[in-house]
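Copied over from TrEMBL:
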{"type": "ACT_SITE", "residues": "Glu109", "note": "active site, proton acceptor"}
{"type": "BINDING", "residues": "Ser31, Gly32, Ser33, Thr34, Asp87, Gly88, Ala89, Asp90, Lys100, Gly101, Gly102, Gly103, Lys127", "note": "substrate binding site"}
Amino acid sequence: MKEDHYLHIKKRLACAAVSLVSNGMCLGLGSGSTSREFIQLLGERMQHEDLDISAVASSSQSHSLAKKLGIPLLEQGAFVSLDLTIDGADEVDLQLRMIKGGGGALFREKILLQSSLRSIILVDESKVVSTLGNFGVPVEISPFGCQATISRLKDLGYEGDWRRQYDNHYFVTDNGNYIYMVHSPNFYPNPEEDLAKMLQIRGVIDVGFVIANTEVWIGHADGSITEKKID
């Protein structure tokens, strides 16, 4: 499928999601290309409607875009709960477990998800997999003792490599941490177990597995959207 067709699917998903926004809502704005489409459409709604909302963004990129579009933004530590969070994912399996944070914002994305009364993950059908892991799993790691931390990860069988910037320096998250991309030839049929193992290691800030009761909207090539939720 061509890239412009995927963009069309993302726009359709974002359009459906932005229709849920109503006055008085406090929104969580995710990161990535699909979230960017949602923020863009939300900004367009605000230009044409007297929409009274507030929002908090999971990344500096999403924050900058929302600010540019005139979306009222809360201070990063000011929110207690959110009405609705819209985000994307790197992979989603058939049980709606997912990998998120390939863009490096996984820690903040997961805070928004756990703080939200309703969370909707928007993905195109190519992101739906039988077993998680083809994308790799981002692990956010504290710079202090980072080599010791990845040594512990490797001892548990989690091989990977650092995510790097264009200049080959370590990619640094908005929280000032590093991202270690873990890969497994056997993928991750039991992500709950892998998540628990990695989080036991001091120095691991968070892991890109999401095991949560979130809604997932899947956009298809024919223009339809399938809404899924684990009851």
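The backbone N, Cα and C atoms fix where each Cβ goes, and this holds for glycine too.
No curator has checked TrEMBL annotations; they are predicted automatically.
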Lowest local Cβ density (other Cβ within 10 Å) among binding-site residues: Ser31, Ser33 = Ser33
Recorded substrate binding residues, Ser31, Gly32, Ser33, Thr34, Asp87, Gly88, Ala89, Asp90, Lys100, Gly101, Gly102, Gly103, Lys127 - maximal Cα separation rounded to whole Å = 16
Counting all other Cβ atoms within 10 Å across every protein chain shown, which of the binding-site residues Lys100, Lys127 scores highest?
-> Lys100
Could you work out which of the recorded positions (Ala89, Gly102, Glu109) has its C-beta surrounded by the smallest number of other C-beta atoms within 10 A?
-> Gly102
Take the Cβ of Asp87 (substrate binding site) and count every other Cβ within 10 Å, whichever protein chain it belongs to.
-> 30
Quick one: of Ser31, Ser33, Asp87, Lys100, Gly102, Lys127, which binding-site residues lie within 10 angstroms of Glu109 (active site, proton acceptor), measuring between C-alpha atoms? Sequence order, please.
-> Ser31, Asp87, Lys100
Under a three-state DSSP reduction, the secondary structure at Ser31 (substrate binding site) is coil
For the recorded substrate site, whose residues are Ser31, Gly32, Ser33, Thr34, Asp87, Gly88, Ala89, Asp90, Lys100, Gly101, Gly102, Gly103, Lys127, find every other residue on that chain with a C-beta no more than 8 angstroms from the centre of their C-beta atoms, and list them by sequence position.
-> Gly30, Ser35, Glu109
